[in-house]
Amino acid sequence: MPLTLYDKIWNAHRVHAFSDGSTLLYIDQHLVHEVTTPQPFDGLRLTGRRVRRPDATLGVADHDIPTTPGRSDDCEDPEARVQLALMRQNTREFGITYFGYEDPRQGIVHVVGPEQGLTQPGMTVVCGDSHTSTHGAFGAYAVGIGTSEVEHVLATQTLIQKRSRNMRITCTGALRPGVAAKDLVLAIIRQIGTAGATGCVIEFAGPAVQALSMEGRMTLSNMAIEAGARAGLIAPDETTFRYLQGRPGAPQVGHWQQALVYWKSLPSDPGARYDAEVGIDASQVAPMVTWGTSPQDVVPVTAVVPDPATAKDEAAREAAAAALEYMGLRAGQKISDIALDKVFIGSCTNSRIEDLRAVSQVVAGRKVARHVQALVVPGSGWVKRQAEREGIAQTLIDAGFEWREPGCSMCIAMNPDRLQPQERCASTSNRNFVGRQGPRGRTHLVSPAMAGAAAIAGHFVDVRDWK
Ligand SMILES: CC(C)[C@H](C(=O)O)[C@@H](O)C(=O)O
Ligand code: SF4
């Protein structure tokens, strides 16, 4: 029977099938961060257990950590301070490699794993974090897990999972200049909704996906979770192999050829069956801007804020009206008339080198609008240093952007970077939920180039018209 990429990874990792239909899967790579690990490590201590495979576990500090130059673990927020101290102590006690603020490899867990070559095709990758889906871009089965599951994986290197349905999203055509992977994934979520892939593992396929760099593919897989999916996979190919070759965690000379043979066997077989199929023409996708409080509340930059009266049912009408009220917007208002207070370029969706290059191209030789505070937070120490070497950092600083240390930063209000009530922000992150960037803060999700242009103009502009 022809199998999908997901089927193949699942079958290769099956340790035991339970009578209730669930499966015990072997886990190849476990990533841990400071927010979801204090309890699991306590659990291990209480029951006298060790970490089964410290060599397959990596710890990083990302959510709580300040991003200001000269930072340390000694932050003002007592909860963050405790979590960071525990992370350091627990990784030391259990023999796990830890990238704390002082390590040049530190960064957002979903940027660091792939960058270090720890995420590889055909692997099972888990982390106590919903955006673990990011790693699916390598053709890995990567899922976010809960706190008790983190403990289970730490202790046993296995995880109990229910099999998901296979959904294929085929992206035909080619993205137009000025249109990014972020716009494509927002357009997909607009089409299928935030519950559109519930119960499914998505496989992103088609020429528009194959044409993407690994950075772009990670942006797609990152937001699979925002479409309700369990994971978001992309078949490994030459782009994947090229990205991985020579990275510290990747198979080294002598094992590389063997790995390639396996990796090339992973793409879905011709004729593999999918439980659901979705299609989208990438050439029709425009730069997108969210207007509401869910990633599906999104329109092209050329559009106006939609009228809640046109929503499909009563519940959707009420939700849209509440979202507009929260966002301080009027139906019919042009997206390009929306003025901004802050611009945040960062997060595991869009803080990789290619994202920073895109921003730098748009803002080179210009100045951030006077009323805007703009932040660039590289996804990792490696990204930061590469951007500095390429001159990107200087371009951004000259334009008036703040150049920060790596971390989740203003993607989530768990550290000092946050919005004040009613402040409006163009953000390259993945969630525009109520209060996400700070209590009563207003978030608009956009691509890096769109965020860069908005920082200069002080309001949204169509980056395709940018001269
Ligand atoms: C704090 C963490 C558990 C959370 C997640 O699971 O995704 C965060 O990373 C997020 O993006 O909302
Ligand atoms: S950058 Fe944002 S989405 Fe990504 S792991 Fe951190 S908080 Fe979650």
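The backbone N, Cα and C atoms fix where each Cβ goes, and this holds for glycine too.
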Additional site residue, C348, C425 [criterion: listed by TrEMBL with C408, C411 for [4Fe-4S] cluster]: C348
In three-state DSSP terms, the structure that C408 ([4Fe-4S] cluster binding site) belongs to: coil
Binding-site residues listed as C348, C408, least Cβ neighbours within 10 Å: C348
C-beta crowding around C411 ([4Fe-4S] cluster binding site), within 10 angstroms: 29
For C348 ([4Fe-4S] cluster binding site): DSSP state (helix, strand, coil): coil
